[in-house]
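What Swiss-Prot records for this protein:
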type     : residues            : note
SITE     : N12                 : site 'Discriminates between blocked and unblocked aminoacyl-tRNA'
BINDING  : Y17, F67, N69, N115 : tRNA binding site
ACT_SITE : H22                 : active site, proton acceptor
SITE     : D94                 : site 'Stabilizes the basic form of H active site to accept a proton'
Amino acid sequence: MNGIRLFVGLGNPGAQYEDTRHNAGFWWIDQLCAQTASKTTLEAKFFGLSGRLNGHADTWLLKPTTFMNASGRAVAALARFYKIPAEQILVVHDELDLPPGAARLKKGGGHSGHNGLKDIAAQLGTNDFWRLRLGIGHPGDRSAVVNYVLNAPLRDEMQQIAYAMDDSMLVLPQLLEGKFEEAMLKLHTKTK
């Protein structure tokens, strides 16, 4: 099997961060759990909430509880334990460079200043993992980024982000089967 075996949603733990833009990856995993009747539970050895994707015994879900900037510790722990190579990992995260409502799938590349991605690459020893980038928009000023990602999106932005998450759920079968080109074509055509 060459499809995704580990879906990771990035975010920060705690009620004060629950509704912030930086938690878009957590929202995505929560939606995936709701749609597939899957569950995650706290697993200390994986530094996060983890569980199997319902109906797919070899596919895991993970929400690191290490805080965003140390997400790699959780990802590497689970990936090494279950012998999941980087190319079978999909990390779902907020993306400043995309507007709300956009979702883009890509493999590898830089971290674009996203410290969660930076730590995952460092802990795995490679950038060669898949990313699902959920657009949250940009505040327009670089100095406002930290405050922006740690605040909740406006109602219309949240609606657009929800649409992008819905669209990305439609390519789940392709992701599980390793049909990444097909998934990208379908997703990138759907969310413009």
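From the backbone N, Cα and C atoms, a Cβ is placed for every residue, glycine too.
H22 (active site, proton acceptor) sits 11 Å from F67 (tRNA binding site), taking the Cα positions as reference. Recorded residues D94 (site 'Stabilizes the basic form of H active site to accept a proton') and N115 (tRNA binding site) have their alpha carbons 11 Å apart, per Cα-Cα distance. Of all the recorded positions listed here (N12, N69), the one with the fewest other CB atoms within 10 A of its own CB is N69. A sphere of 10 angstroms centred on the C-beta of H22 (active site, proton acceptor) encloses 21 other C-beta atoms. Within the same chain, residues at least 6 positions away in sequence whose Cβ sits under 8 Å from that of Y17 (tRNA binding site) are G11, N23, L150. The DSSP secondary structure for the residue listed as 'active site, proton acceptor' is helix. When Cβ atoms from all protein chains are considered, those within 10 Å of D94 (site 'Stabilizes the basic form of H active site to accept a proton') total 27, not counting its own. Rounded to a whole value, the Cα-Cα separation of N69 (tRNA binding site) and N12 (site 'Discriminates between blocked and unblocked aminoacyl-tRNA') is 9 Å. The full span of the recorded tRNA binding residues, Y17, F67, N69, N115, taken as their largest Cα to Cα distance, is 16 Å.
For the recorded site, N12 (site 'Discriminates between blocked and unblocked aminoacyl-tRNA'), the DSSP three-state label reads coil.
According to DSSP, N69 (tRNA binding site) sits within a helical segment.
Excluding the listed site residues Y17, F67, N69, N115, the same chain places N12, H22, T66, M68, A70, S71, G116 with Cβ atoms within 8 Å of the centre of the tRNA site Cβ atoms.
When the alpha carbons of N12 (site 'Discriminates between blocked and unblocked aminoacyl-tRNA') and F67 (tRNA binding site) are compared, the span between them is 5 angstrom.
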